Amino acid sequence: MSNSVGVVIVAAGRGTRMGTVENKQYLLLQGKPIIVHTLEVFQQHELISEIVLVTGKEDIERCREWIQLYKLDKVKAIVPGGSERQHSVHKGLLKLTTQWVMVHDGVRPFVQPNEIEACYERAKQIGASVLAVPVKDTIKQVDNEGKVLSTPDRRSLWAIQTPQTFRLSELLDAYAAAERDGFLGTDDSSLAERAGIPVSVVEGSYRNIKITTPDDLDFAEFTESNRGEGQS
(Lines of atoms letter the chains of each structure in order from A and count residues from 1; the text may use other names and numbers.)
(Lines give C-alpha, C1' and ligand atoms only; values in the text may rest on other atoms or scores of the structure.)
Protein backbone atom coordinates (compact mmCIF):
# COMPACT_ATOMS: atom_id res chain seq x y z
CA MET A 1 0.00 0.00 0.00
CA SER A 2 3.07 2.29 0.24
CA ASN A 3 2.58 3.70 -3.25
CA SER A 4 -1.15 3.12 -3.62
CA VAL A 5 -3.12 5.91 -5.27
CA GLY A 6 -6.79 6.71 -4.84
CA VAL A 7 -8.96 9.33 -6.49
CA VAL A 8 -11.76 11.50 -5.19
CA ILE A 9 -13.91 12.60 -8.12
CA VAL A 10 -16.11 15.54 -7.22
CA ALA A 11 -19.46 15.66 -9.01
CA ALA A 12 -21.77 17.24 -6.45
CA GLY A 13 -21.90 20.71 -8.00
CA ARG A 14 -25.03 22.45 -9.22
CA GLY A 15 -23.62 24.62 -11.99
CA THR A 16 -26.04 27.20 -13.41
CA ARG A 17 -23.93 28.44 -16.33
CA MET A 18 -24.84 25.47 -18.51
CA GLY A 19 -28.46 26.68 -18.70
CA THR A 20 -29.94 23.17 -18.56
CA VAL A 21 -32.31 21.43 -16.19
CA GLU A 22 -29.91 18.49 -15.92
CA ASN A 23 -26.71 18.94 -13.90
CA LYS A 24 -23.68 19.39 -16.16
CA GLN A 25 -21.90 16.23 -14.95
CA TYR A 26 -24.81 14.07 -16.11
CA LEU A 27 -25.27 15.58 -19.56
CA LEU A 28 -24.55 13.17 -22.39
CA LEU A 29 -21.28 13.38 -24.28
CA GLN A 30 -21.33 11.13 -27.35
CA GLY A 31 -24.20 9.20 -25.78
CA LYS A 32 -22.59 8.69 -22.37
CA PRO A 33 -22.81 10.84 -19.19
CA ILE A 34 -19.84 13.17 -18.77
CA ILE A 35 -19.15 11.75 -15.31
CA VAL A 36 -18.82 8.26 -16.78
CA HIS A 37 -16.20 9.48 -19.26
CA THR A 38 -14.24 10.96 -16.36
CA LEU A 39 -14.53 7.84 -14.23
CA GLU A 40 -13.35 5.67 -17.12
CA VAL A 41 -10.08 7.60 -17.43
CA PHE A 42 -9.11 6.64 -13.88
CA GLN A 43 -10.68 3.18 -14.05
CA GLN A 44 -8.38 2.35 -16.95
CA HIS A 45 -5.19 3.78 -15.41
CA GLU A 46 -2.94 1.14 -13.86
CA LEU A 47 -1.73 3.59 -11.21
CA ILE A 48 -5.18 3.94 -9.63
CA SER A 49 -6.44 1.38 -7.11
CA GLU A 50 -9.48 3.11 -5.58
CA ILE A 51 -12.02 5.69 -6.69
CA VAL A 52 -14.50 7.54 -4.49
CA LEU A 53 -17.28 9.43 -6.26
CA VAL A 54 -18.85 12.39 -4.47
CA THR A 55 -22.24 13.37 -5.85
CA GLY A 56 -25.61 14.78 -4.88
CA LYS A 57 -27.61 12.62 -2.51
CA GLU A 58 -30.45 12.43 -5.02
CA ASP A 59 -28.06 11.21 -7.74
CA ILE A 60 -26.43 8.33 -5.88
CA GLU A 61 -28.74 5.65 -7.22
CA ARG A 62 -28.31 6.49 -10.90
CA CYS A 63 -24.55 6.80 -10.42
CA ARG A 64 -24.56 3.34 -8.86
CA GLU A 65 -26.41 2.01 -11.91
CA TRP A 66 -23.87 3.58 -14.28
CA ILE A 67 -20.99 2.12 -12.29
CA GLN A 68 -22.47 -1.34 -12.73
CA LEU A 69 -23.38 -0.77 -16.38
CA TYR A 70 -19.92 0.45 -17.38
CA LYS A 71 -18.06 -1.98 -15.07
CA LEU A 72 -16.30 0.71 -13.05
CA ASP A 73 -15.16 -1.69 -10.34
CA LYS A 74 -12.48 0.61 -8.90
CA VAL A 75 -15.26 2.80 -7.49
CA LYS A 76 -15.28 1.75 -3.83
CA ALA A 77 -17.80 4.26 -2.54
CA ILE A 78 -20.34 6.87 -3.61
CA VAL A 79 -20.88 9.54 -0.99
CA PRO A 80 -23.23 12.53 -0.83
CA GLY A 81 -21.60 15.92 -1.15
CA GLY A 82 -21.55 18.71 1.41
CA SER A 83 -22.65 22.33 1.31
CA GLU A 84 -19.34 23.47 -0.25
CA ARG A 85 -16.88 21.74 -2.56
CA GLN A 86 -14.34 21.63 0.26
CA HIS A 87 -16.78 19.72 2.46
CA SER A 88 -17.56 17.34 -0.40
CA VAL A 89 -13.90 16.52 -1.00
CA HIS A 90 -13.33 15.96 2.72
CA LYS A 91 -16.12 13.40 2.85
CA GLY A 92 -14.55 11.59 -0.07
CA LEU A 93 -11.07 11.60 1.44
CA LEU A 94 -12.34 9.85 4.55
CA LYS A 95 -13.40 6.84 2.44
CA LEU A 96 -9.96 6.17 0.93
CA THR A 97 -7.38 3.70 2.26
CA THR A 98 -4.51 4.60 -0.10
CA GLN A 99 -1.29 6.45 0.70
CA TRP A 100 -1.73 8.98 -2.09
CA VAL A 101 -4.83 10.78 -3.32
CA MET A 102 -5.74 12.68 -6.44
CA VAL A 103 -8.68 15.08 -6.36
CA HIS A 104 -10.32 15.58 -9.73
CA ASP A 105 -13.29 17.50 -11.12
CA GLY A 106 -16.06 15.26 -12.41
CA VAL A 107 -16.49 17.47 -15.48
CA ARG A 108 -12.90 17.21 -16.71
CA PRO A 109 -13.09 14.07 -18.88
CA PHE A 110 -10.13 14.92 -21.13
CA VAL A 111 -7.26 14.54 -18.67
CA GLN A 112 -4.67 12.25 -20.24
CA PRO A 113 -3.07 9.13 -18.71
CA ASN A 114 0.44 10.61 -19.02
CA GLU A 115 -0.71 13.73 -17.15
CA ILE A 116 -2.03 11.58 -14.30
CA GLU A 117 1.29 9.76 -14.07
CA ALA A 118 3.28 13.00 -14.25
CA CYS A 119 1.25 14.49 -11.39
CA TYR A 120 1.92 11.44 -9.24
CA GLU A 121 5.67 11.43 -9.97
CA ARG A 122 5.98 15.15 -9.20
CA ALA A 123 4.05 14.77 -5.95
CA LYS A 124 6.40 11.98 -4.86
CA GLN A 125 9.37 14.28 -5.52
CA ILE A 126 8.02 17.55 -4.10
CA GLY A 127 5.18 16.73 -1.69
CA ALA A 128 2.13 17.70 -3.75
CA SER A 129 1.33 18.61 -7.34
CA VAL A 130 -1.34 20.31 -9.42
CA LEU A 131 -1.98 20.03 -13.13
CA ALA A 132 -1.89 23.50 -14.69
CA VAL A 133 -1.35 25.48 -17.88
CA PRO A 134 0.42 28.81 -18.41
CA VAL A 135 -1.94 31.77 -18.59
CA LYS A 136 -2.23 33.00 -22.19
CA ASP A 137 -4.10 36.25 -21.61
CA THR A 138 -2.95 39.36 -19.80
CA ILE A 139 -4.39 39.42 -16.27
CA LYS A 140 -5.45 42.62 -14.51
CA GLN A 141 -6.03 43.04 -10.79
CA VAL A 142 -8.93 45.46 -10.23
CA ASP A 143 -10.79 46.99 -7.30
CA ASN A 144 -14.51 46.72 -6.54
CA GLU A 145 -15.28 49.51 -9.02
CA GLY A 146 -13.34 47.91 -11.85
CA LYS A 147 -10.34 50.24 -11.64
CA VAL A 148 -7.11 48.53 -12.64
CA LEU A 149 -4.68 48.24 -9.73
CA SER A 150 -1.88 46.23 -11.29
CA THR A 151 -0.84 43.94 -14.13
CA PRO A 152 0.91 40.82 -12.80
CA ASP A 153 3.73 39.34 -14.85
CA ARG A 154 2.00 36.72 -16.99
CA ARG A 155 5.13 34.56 -17.03
CA SER A 156 4.56 33.66 -13.38
CA LEU A 157 0.83 32.91 -13.68
CA TRP A 158 -0.68 29.47 -14.19
CA ALA A 159 -4.32 28.41 -14.55
CA ILE A 160 -4.87 25.51 -12.17
CA GLN A 161 -6.66 22.36 -13.29
CA THR A 162 -7.11 18.91 -11.80
CA PRO A 163 -6.03 16.34 -10.78
CA GLN A 164 -4.27 17.64 -7.71
CA THR A 165 -2.14 15.06 -5.91
CA PHE A 166 -1.18 14.73 -2.23
CA ARG A 167 -0.25 12.27 0.47
CA LEU A 168 -3.64 11.36 1.90
CA SER A 169 -2.57 11.79 5.53
CA GLU A 170 -1.11 15.24 4.85
CA LEU A 171 -4.18 16.44 2.98
CA LEU A 172 -6.44 15.19 5.77
CA ASP A 173 -4.31 17.16 8.25
CA ALA A 174 -4.61 20.24 6.02
CA TYR A 175 -8.38 19.81 5.93
CA ALA A 176 -8.53 19.48 9.70
CA ALA A 177 -6.53 22.70 10.09
CA ALA A 178 -8.78 24.54 7.63
CA GLU A 179 -11.90 23.37 9.45
CA ARG A 180 -10.44 24.41 12.79
CA ASP A 181 -9.58 27.88 11.46
CA GLY A 182 -12.79 28.36 9.47
CA PHE A 183 -10.80 28.64 6.24
CA LEU A 184 -12.58 27.97 2.93
CA GLY A 185 -10.17 27.56 0.03
CA THR A 186 -10.79 27.76 -3.69
CA ASP A 187 -9.05 24.44 -4.33
CA ASP A 188 -7.31 21.66 -2.43
CA SER A 189 -3.82 22.98 -3.06
CA SER A 190 -4.68 26.22 -1.25
CA LEU A 191 -5.32 24.16 1.89
CA ALA A 192 -2.05 22.32 1.39
CA GLU A 193 -0.14 25.59 0.90
CA ARG A 194 -1.38 27.10 4.16
CA ALA A 195 -0.43 23.85 5.93
CA GLY A 196 3.15 24.21 4.71
CA ILE A 197 3.02 21.40 2.14
CA PRO A 198 5.19 22.23 -0.91
CA VAL A 199 3.12 22.21 -4.10
CA SER A 200 4.49 22.09 -7.65
CA VAL A 201 2.73 22.64 -10.96
CA VAL A 202 2.80 20.01 -13.70
CA GLU A 203 2.18 21.44 -17.15
CA GLY A 204 -0.97 19.98 -18.65
CA SER A 205 -3.06 20.64 -21.72
CA TYR A 206 -5.50 23.40 -22.64
CA ARG A 207 -7.81 20.59 -23.78
CA ASN A 208 -8.33 19.49 -20.17
CA ILE A 209 -11.30 21.81 -19.88
CA LYS A 210 -13.85 21.97 -17.11
CA ILE A 211 -17.20 21.60 -18.88
CA THR A 212 -19.34 24.36 -17.39
CA THR A 213 -20.94 26.25 -20.31
CA PRO A 214 -22.73 25.35 -23.57
CA ASP A 215 -19.59 26.37 -25.49
CA ASP A 216 -17.55 23.96 -23.38
CA LEU A 217 -19.99 21.18 -24.19
CA ASP A 218 -19.74 21.93 -27.92
CA PHE A 219 -15.95 21.75 -27.69
CA ALA A 220 -16.19 18.52 -25.72
CA GLU A 221 -18.44 16.95 -28.34
CA PHE A 222 -15.98 17.93 -31.06
CA THR A 223 -13.00 16.63 -29.10
CA GLU A 224 -14.64 13.33 -28.18
CA SER A 225 -15.87 12.68 -31.72
CA ASN A 226 -12.38 13.28 -33.12
CA ARG A 227 -10.85 11.04 -30.47
CA GLY A 228 -13.30 8.29 -31.39
CA GLU A 229 -12.40 8.61 -35.07
CA GLY A 230 -8.72 8.39 -34.20
CA GLN A 231 -9.27 5.14 -32.32
CA SER A 232 -11.37 3.49 -35.03
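Glycine is no exception: its Cβ is also placed from the backbone N, Cα and C atoms.
A quick note: this is a predicted structure, and the numbers were derived from the prediction, not measured.
Residues annotated as site 'Transition state stabilizer' in TrEMBL: ARG17, LYS24. Under the heading site 'Positions MEP for the nucleophilic attack', TrEMBL lists ARG154, LYS210.
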Between ARG154 (site 'Positions MEP for the nucleophilic attack') and LYS210 (site 'Positions MEP for the nucleophilic attack'), how far is it from one CA atom to the other, in Å?
22
Count, for each of the recorded sites ARG154, LYS210, the other C-beta atoms lying within 10 angstroms of its own C-beta, and report the residue with the smallest count.
ARG154
Distance check, please: Cα of LYS24 (site 'Transition state stabilizer') against Cα of LYS210 (site 'Positions MEP for the nucleophilic attack'), rounded to an integer number of angstrom.
10
For LYS24 (site 'Transition state stabilizer'), which of the three DSSP-derived states applies: helix, strand, or coil?
helix
Please report the three-state DSSP label of LYS210 (site 'Positions MEP for the nucleophilic attack').
coil
Translate the DSSP assignment of ARG154 (site 'Positions MEP for the nucleophilic attack') into the three-state scheme.
helix
Just counting, how many other CB atoms are there within 10 A of the CB of LYS24 (site 'Transition state stabilizer')?
25
